[in-house]
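Here the structure is laid out as structure tokens; the discussion comes afterwards.
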């Protein structure tokens, strides 16, 4: 048996950037007679790429840069590390955050001198313990005065003198027999009851009322002569006002304009009146501006004596010229100044 304990070093991936931390941990373990025979990254063990042998190590050390209160460790690996440890082996590097998982997997938590988890021996946990059974106490118990305690016997059916009770018979009810002399009284009606037909009478009365009302209406219309009082439709029309328009338009008192426009399905003549007004306005506008054929032809500056027109801004430069101006691209000039190639030779 070697002098050093076999150990396993599990490293957090962030520790790979500080190799001096790993060397210091190995040096401290060597001072405690612990030799790390294996060294793995925790993520390799978590994804299953590395498997551990059962009961191989005496010490497992988890090295992480995280604080004790912020350690994040896969809970499923606690049972794997418990299987890889020998009985009474220690697990170093985890905190009380996983205290419940440690107790479930058979670890005992040690706080002094250094915090660690110790794997308990399963053989001791399963060891049977004999429990002595209690013996029956005899009745030889004595009081302080030396006298024995009184004994009591269970009463039996032969020795018990309890009173017995019997169920009383039900009392018979008296039977009444009929005798020949007893006869039940009989009742007879002196006269037959009268039956009144109320419903039929009411129905007959209502029928009589309806018939009487119908007959009275018929007599009224027979007496009234409608031939003399009939009025023809044409008589209702006044001869003087037959040609006048019965529809009056409401106009505003200030602007003297109509307040209401014609409806979509106008039948009163308002729509035609509005169309006539619009046509009159358009005809007046056409009379204001009217061009001749010469004025409507395209302006050509190459023809001598041809009247030309423009906006009057041709001499100011391109920024003030129209899109069809023939002077586009030429410099500004004075109105009436003749333009030739010599005057613009510097700009060409």
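First residue shown is number 1, and so on along the chain.
Using the three backbone atoms N, Cα and C, a Cβ is placed for every residue, glycine included.
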Legend entry - Site from 49, 147, 171, 206 that Swiss-Prot describes as phosphoserine, others unannotated there: 206
Inset, instruction - Among 318-321, 322-325, 326-329, indicate the range for which Swiss-Prot gives the feature motif 'Cx2C motif 2'. - result: 322-325
Inset, instruction - Identify the motif 'Cx2C motif 1' range according to Swiss-Prot, selecting from 303-306, 307-310, 311-314, 331-334. - result: 311-314
Inset, instruction - Pull the DSSP breakdown for the motif 'Cx2C motif 2' (322-325) and write it out as helix, strand, coil residue counts. - result: 0 helix, 0 strand, 4 coil
Inset, instruction - Name the one residue among 263, 266, 268 whose Cα is closest in three-dimensional space to that of residue 314 ([4Fe-4S] cluster binding site); these are the binding-site residues. - result: 263
Inset, instruction - Determine the minimum-neighbour residue: among 263, 266, 268, listed as binding-site residues, which Cβ has the fewest other Cβ atoms within 10 angstroms? - result: 263
Legend entry - Candidates 314, 322, 325: member of the binding-site residues with the richest Cβ shell (10 Å): 314
Inset, instruction - Determine, to the nearest whole angstrom, how far the Cα atom of residue 325 ([4Fe-4S] cluster binding site) is from the Cα atom of residue 268 ([2Fe-2S] cluster binding site). - result: 54
